[in-house]
Amino acid sequence: MPDGTSDGLDDLIGSLGAGRRRASRLDEPSTDSTAETEAERSDALDDLIRAAGAQARSAPEVDTGEPKRRWARALSLSFAGIAVSGAITEAVGASQVVSHSGTAALAVVWPLAALGLLGIALLQAKYIDRVARLPMLVGLCLGYAAAYGVALVLLVSHAPTTVTFGLAWLLADQMNYLLPLMIWALAADVFTAGQGVTVFPSISRWLFVGQVSGLGIATIAPSILGSSDSSLGWLLVLPPVVCVGVAIFLPRRLRDATASAGHGRSETTRESLKETVSFIGALPAFRWMLIMSLAVVSAGAIVEFGFLDIARQHFTTAGSFQTLYAGTALIGIVLCWAVQTFATTKLLQRRGVEKVLQLLPLFALVGAALLAVAGAANQIVLAVAATLVWRLPRWSADASARQTALATIPDERRARSSLLIDLVPVALGFIVVAIPIGLSRLMGNTWIAPLVAVLLAVAAVAAGRRVGSTWDDTQLSYRLKRRKRLG
């Protein structure tokens, strides 16, 4: 073959080989371009994972248990502080008002307290799920601290006892019902319903620690400070200090927790209330829970009135009445703490939320029956037993079951739903109880109020059974948060 032809063929073969080698190199991963592409893909995938609420692959390993323990401790201590304040305020306010004005004053004080609760509830219904949860709680704490300041000014200026301590009693209702409800709503933001089965009973035990401490102080205060109105009134210095402390402490400890930021929509109070009622009405179990709450809280309020009425006949001075009132409450709180510590979690896990919710109406029925006997025999021991029977599940298993159930409601609706199910029945119960109190006083019959309490408790038992029968179907509703359902 001629040399020129051979050289041309060699050149052609060489160029083809080079082309194949270049094509092969294009198919092979390039070190620089591939690393950059993979990094971009990894970052995009991590963004999707974070958006779903999970930890990104590239994120360093962190101990998620420690922040949750810190959040639980912060909520627990806040509950304890609020409980101390509420227990002291209620013991001082109730003993002073009843000892000076008699139990007939309850027909006025309790409805006024109810109107105050309803007013705050309606105001909160407009804003509670609209704005960020934590700043609203801080504002409430500071507002109540200012209200306690007014009560202390009235005490110093020697205003009428009923006015000063009537205001204190009104504040006690806010501390015992509204502020704990707000903290529970915040806790339900921070923890899921599944975590709540174990975390909520642990947190609520600190309510008992606070209540025991507050009631212990109120019980021994008359023997240390004396029984005069002014000396016992100075116990009201502690609550505003606690309120300011919670307002400063809680946001710092929950700085990295997930709390509701609010839906941000502008709504009138009427629109917000209508939407909440419609939402609860579309969930059968929660609708029956609301009806059950209205009946059982009204029955319990009558039991409380019967206890106070009989106690007033046996203990006539403010100091002795405060010792009995706070001492009875102290015994009840210790019993509730024991139930909460050793039984509530097991009951929730073994029997389920819907079964535990049915306990309070049964205990209220027993308490109302005991009160009827105590009223007929004028027996203070039976009256104490009646109120303890009613309070036992109310502040232990029932409280945890309610908060666990409410944790299944979406964040943007939960606080308003809590107001409707937990707070409104208390307020209406205080108003309803004025009717049998008035009838008992006008007719001079002590059995009228207990009879009404028995009838209301029976209605609550029937409503509780409907809660149980509709619970499973309600948990399948699309209106509930899927990750928090308890079915």
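One is the number of the first residue shown, and numbering goes on along the chain from there.
Note: Cβ is positioned from N, Cα and C throughout, glycine not excepted.
A TrEMBL annotation is a machine prediction, not a hand-curated record.
For 1-42, the entry in TrEMBL reads region 'Disordered'. The transmembrane segment feature in TrEMBL is assigned to 77-98, 104-125, 137-157, 177-194, 206-225, 279-303, 323-344, 356-374, 418-439, 445-463.
Take the transmembrane segment (137-157) and the stretches 104-125, 177-194, 206-225, 356-374, 418-439: counting Cβ pairs under 8 Å, 177-194 has the most.
For the transmembrane segment (177-194), the residues of the chain that approach it from at least six positions outside its boundaries are 68, 71-72, 75, 78-79, 82-83, 86, 117, 120-121, 124, 128, 133-134, 136-137, 140-141, 144, 200, 203, 207, 254, 257-260, 403-404, 406-408, 411, 414-415, 418-419, 422-423, 426, 483-486, judged by C-beta separation under 8 angstroms. By the Cβ criterion (distance under 8 Å, sequence gap of 6 or more), the transmembrane segment (356-374) is counted as touching the transmembrane segment (445-463), at least 3 such pairs being found. Put simply, of 77-98, 104-125, 206-225, 418-439, 445-463, the stretch with the most CB pairs closer than 8 A to the transmembrane segment (279-303) is 418-439. Where the transmembrane segment (323-344) meets the stretches 77-98, 104-125, 206-225, 418-439, 445-463, the count of C-beta pairs under 8 angstroms peaks at 206-225. Counting Cβ pairs under 8 Å to the transmembrane segment (77-98), the stretch among 206-225, 418-439, 445-463 with the most such contacts is 206-225. Panel annotation: around the transmembrane segment (418-439), residues 103-104, 106-108, 110-111, 113-115, 117-118, 121, 124-125, 128, 173, 177-178, 181, 184-185, 276-277, 280, 286, 289-290, 293-294, 296-298, 300-302, 305, 402, 406, 445, 448-449, 452-453 of the same chain, lying at least six beyond its termini, place a Cβ under 8 Å from a Cβ of the stretch.
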